[in-house]
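Trainee: So TrEMBL lists the following for this protein:
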DOMAIN    56-368  domain 'Tryptophan synthase beta chain-like PALP'
MOD_RES   LYS90  N6-(pyridoxal phosphate)lysine
Amino acid sequence: MSRVEVEQGYFGQFGGSFVSPELQEVLDRLAEQFERYKDDPDFKEEYLYYLREYVGRETPLTYARNLTEHLKGAKIYFKREDLNHTGAHKINNAIGQILLAKRMGAKRVIAETGAGQHGVATATACALFGMDCTIYMGAEDTKRQALNVFRMELLGAKVVPVSKGQGRLKDAVDEALADLVANYEDTFYLLGSAVGPHPYPSMVKHFQSIISEESKRQILEKEGRLPDAVIACVGGGSNAIGAFAHYLEDEEVRLIGVEPDQAATLTEGVPAVLHGFRSLVLLDERGNPRPTYSIAAGLDYPGIGPEHSHLKETGRAEYVTVTNEEVLEAFQLLAKTEGILPALESAHAIAHAIRLAPTLGRDRILLVNLSGRGDKDVEQVFQMLNEQGADA
Ligand SMILES: *Cc1c(COP(=O)(O)O)cnc(C)c1O
């Protein structure tokens with residue numbers, strides 16, 4: 001990415017910041033502080049210290065020998081973000097942003113959460129750094145995800161149910177932004193994906209790029225060359241942009257993002273401003289955000305990080321969809337062949353790899369980002385498979 005794009009917060013026609021003047025002032029200060037610290041050697045050293053000593057990085061790049069032999073095609077490697085402390089890639093970003101919050105003198109951290117995964121990562125980072133933590137969560141979501149609410153409370157966070165609007169993720173974001181505007185002097189808003197107004201998409205990318213920084217070094221050590229494709233699931237787009245970042249300039253490496261077919265923002269979206277930034281958005285005939293659905297709660301979002309919209313428009317990355325059936329099959333096949341239970345989100349990326357690998361020669365390499373572990377999804381998979389059994 002060029003310097004100009006970073007400064008203006010634009011990725012081609014996408015990105016930017018469309019917010020109230022009050023919020024813009026707060027975001028300008030955040031952008032300035034992020035620019036100041038992101039390449040600061042002390043800051044970087046502290047970030048890498050916590051990733052190593054607390055999160056458990058670097059994560060392995062595992063050759064999936066059994067799955068590869070089963071599919072009889074391209075070699076499949078998994079970048080194991082599931083092995084991070086708290087079980088997914090979200091903690092990379094939470095640690096990075098909380099260190100910035102500390103440098104900016106914040107005493108209080110707030111965040112939005114949908115299914116609760118980002119809320120748990122934020123509450124974890126706040127416990128570690130002794131920060132006061134408030135998580136906004138749609139009232140509907142607090143009911144559906146009662147155990148994650150309890151998890152956040154165990155970690156010392158205050159969870160505020162939001163019943164305004166539809167009581168969903170979007171309403172939780174609005175409440176968090178209102179809190180930020182009212183309390184910006186001591187409060188830091190720790191956003192969970194590569195979405196939102198500038199500087200959030202660039203900041204989240206920066207802290208998630210550790211994924212491809214490591215994977216590139218690892219694949220060169222193991223294979224002596226770059227992969228033919230990098231595959232990642234896409235919700236708001238943070239694990240995917242982190243997995244793509246260090247390959248963006250290697251034109252021979254295909255970058256493939258995988259969406260649920262019922263939340264296919266990149267495949268079916270149109271350019272529009274939603275939640276304070278311009279990106280591809282799923283709209284209905286009247287021009288309102290279209291309701292999305294995914295069996296993976298972390299992918300159930302009608303918007304997408306602006307850089308992905310740009311990568312799609314320029315053709316540098318490809319975006320595909322998979323069905324719930326393919327995801328469930330991928331989940332089970334990975335469990336049986338490799339002894340790994342993937343998050344349902346990650347199983348989207350695996351499902352596409354399962355489709356692609358047999359069409360490629362055995363000398364090809366696919367690098368799949370395994371964004372999280374699936375323990376959280378076991379009960380849901382149990383129910384879905386029982387229903388399938390009952391239907392059959
Ligand atoms: C939250 C989550 C995602 C989706 O978010 P992105 O910002 O698109 O990465 C994917 N996988 C897991 C395991 C998650 O927890």
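Using N, Cα and C of the backbone, Cβ positions are placed for all residues, glycine too.
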Trainee: Using a Cβ cut-off under 8 Å and a sequence separation of 6 or more, which residues in the same chain sit near the residue listed as 'N6-(pyridoxal phosphate)lysine'?
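Mentor: Correct list: GLN117, HIS118, ALA121, GLY192, SER238, GLY372.
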Trainee: For LYS90 (N6-(pyridoxal phosphate)lysine), name the DSSP secondary structure in the helix/strand/coil scheme.
Mentor: helix
Trainee: As a test of reading the model: what is the averaged pLDDT for the domain 'Tryptophan synthase beta chain-like PALP' (56-368)?
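Mentor: Here the mean pLDDT over the domain 'Tryptophan synthase beta chain-like PALP' (56-368) amounts to 96.
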